[in-house]
Amino acid sequence: MSGAALGLEIVFVFFLALFLLHRYGDFKKQHRLVIIATLLAWYLCFLIVFILPLDVSTTIYNRCKLAVNSSPAESNGSYVTLAPSKQKCFKPWSYIPDGIMPIFWRVVYWTSQFLTWILLPFMQSYARSGGFSITGKIKTALIENAIYYGTYLLIFGAFLIYVAVNPNFNLQWNQLQTIGIAAANTWGLFLLVLLLGYGLVEIPRSHWNGAKRGYLLMKTYFKAAKLMTEKADAEENLEDIMEEVRKVSESIKYNHPLRKCVDTILKKCPTEYQERMGRNMDDYEDFDERQNSYPSEKSLAKLHKQVIYSVQRHRRTQVQWQILLEQAFYLEDVAKNESSATRQFVHTFHSQEPENKIIQYFYTPTVEWYWECLLRPWFYRVLAVVLATFSVIVVWSECTFFSTKPVLSLFAVFIQLAEKTYNYIYIEMACFLTIFFLSICVYSTVFRIRVFNYYYLASHHQTDAYSLLFSGMLFCRLTPPLCLNFLGLTHMDATISHKNTQPTAYTSIMGSMRVLSFIADGFYIYYPMLVVILCIATYFSLGTRCLNLLGFQQFMGDSEMTSDLIDEGKELIRREKRKRQRQEEGENRRREWKERYGNRDDSTRSRAVHTDQKESSFSETNANRPLSKYTRSNGRTERDRIELLQDAEPLDFNADSVNDDPLESDSGRYQPGGRYLSMSRSKIFDDV
């Protein structure tokens, strides 16, 4: 099993990152470089979270082996004996051989730092650029990042000059490397505590509120009102941008040098706008540079950038509106089915997507009713209590992890108790659950961040390239300090435990933080205590109240604005529900009409053919006989009556589908598709 656990987790984490990226990104429409860069950033961050427990268990085994193999006289205080010298150490099932983890962490860490500080910011500007060529986009990205890169180079250059001039400093390359790592981790820890303070309170509270059906339904109505406003704004913005594109397209003719740029912009527009602009084109007119003023390539690049953003925003709001409607309809169905006497869940609307047959077999309406109406609220309450307990433990440990005698950090107590019995499975599970909970609190906050509708992670493939790259950049900056904070909580970091023990492979590549004592002994220890103040502020919704006062509508139960938006959202959902009901009723009437009268079509047509054959044979046999004074074909009359009854339209017939072309007015028999079959004029007088 040596190294097998590492290989399995590497493969599993890759597919996990790929699944999440497929949920938020769009592999078909977004650039491959954006997909690859984001996938690599997410993959490396998730890899650190999943592999770090294996590093902890391997380090504990190495400490035990070192303590057993060396006597107290030979140690000379270089290592602390963690077990009696005659005690046997058991190798963990996930043991990783020596020399693998340092190389692995070095590759993962420096690759993630290269992504977050150099490549991803450049690709953000590249993806946001409106240039029409690769060279133009690269040029724009370099100009936008010149200030960004120049600031870091200026700070680093000033620091090098200070070190070179001051004779008291004699820094080597390893120490400079450690200072750079400490600076990056300090920036990440500053943002980490802010996000962690929000997630530790909001995640348990969201699950507790998830058990309240009325609360969820009211919040959904509130979201519907806000999303409708955003949707209308996106449609209006798209109309304005498309009007500018239309004017530019009409002014720049087919033989203008910038016509290729205009065609590139038109390809990014929705299909209906492309068709509308294509009909108004007069390509036979040549351009005259002396008579008209044409836009420059720079202005076209700006318009191209606006088109990309407006189209993406419009598409995202449309999809989010449909998802929110489904959620609102489902919550209303749950509220109605709670008082059901049959204890079978009944949906107002059938699912538009085909469901899995296996799920349909096990997840019957009765099972769905028990889960949605009885079990799910209690499950969410129990889960909220468990998450709240974890949050309290994290807050307590963040405030007390610097104390080594006595050990007050609960995570450190759990790890040390398991270390005495060498229960590696318990150690790995405790480490994994701890770091996983911390990651959920931080990463879920990142996924919920919404900065003026410019950075926004939306599921169902609706996240734009800029937001994907920004999330990857945040993950790479937050994950290393998150792991260092976790090692400090468990006292596996020698800087916190103040013990001269063998460090983990992860902390070994970070170097000794003693080079910067004010960071190692000050900022890293006392700044995480700020999480207590942030948790209190989040519990009392101080940030939400401040945003509400500034004009950003937030969901607050005691606000008059919230009540108005809830009523507005309820009316919007009711209107969409009536609209969908009318559509389903119309489809049901058409289906019933087709099932009732559609089967008679073949029999009626065969009967008509048989009648025509009998009439033709009758006329042939009686061709030499004198015509009677009064002749009438009863079969023909009966056939016409049946066809007229069959071709009658249901009540919801759409008159727009009828062909009003006078050239086709000779058609006489109506088809279900909205047309009439032409009757043969040669057989009009066959019955005479």
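Numbering starts at 1 and runs along the chain as displayed.
For all residues, glycine too, the Cβ spot is worked out from N, Cα and C.
Predicted, not measured: the structure shown is a model, and the values here were computed from it.
As recorded in TrEMBL:
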TRANSMEM  6-21  transmembrane segment
TRANSMEM  33-52  transmembrane segment
TRANSMEM  103-126  transmembrane segment
TRANSMEM  146-165  transmembrane segment
TRANSMEM  177-201  transmembrane segment
COILED    224-251  coiled coil
TRANSMEM  378-396  transmembrane segment
TRANSMEM  425-446  transmembrane segment
TRANSMEM  523-542  transmembrane segment
REGION    576-688  region 'Disordered'
COMPBIAS  582-617  compositional bias 'Basic and acidic residues'
COMPBIAS  618-634  compositional bias 'Polar residues'
COMPBIAS  635-644  compositional bias 'Basic and acidic residues'
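When each of 146-165, 177-201, 378-396, 425-446 is scored by its Cβ pairs under 8 Å to the transmembrane segment (523-542), the top-ranked stretch turns out to be 177-201. Counting same-chain residues at least six beyond the ends of the transmembrane segment (425-446), those with a Cβ under 8 angstroms from any Cβ of the stretch are 49-50, 52-54, 56-57, 60, 92-94, 192, 195-196, 198-200, 202-203, 387, 390-391, 394, 411, 414-415, 418-419, 457, 471, 474-475, 478-479, 482-483, 485-486, 489-490.
Taking every recorded stretch in 103-126, 146-165, 378-396 and counting its Cβ pairs under 8 Å to the transmembrane segment (177-201), the highest total belongs to 378-396. Counting only same-chain residues 6+ beyond the ends of the transmembrane segment (378-396), those with a CB under 8 A from a CB of the stretch are 196, 200-201, 203-205, 207-208, 210-211, 408-411, 437-438, 441, 489, 531-532, 535. Outside the coiled coil (224-251), and at least 6 residues removed from its termini, the chain residues within Cβ reach (under 8 Å) are 262, 265-266, 269-270, 273, 276-277, 280-282, 292, 294-295, 300, 303, 306-307, 310-311, 313-314, 316-318, 320-321, 324-325, 328, 453, 553, 565-566, 568-569, 572-573. Summarising model confidence by region, the coiled coil (224-251) averages a pLDDT of 91.
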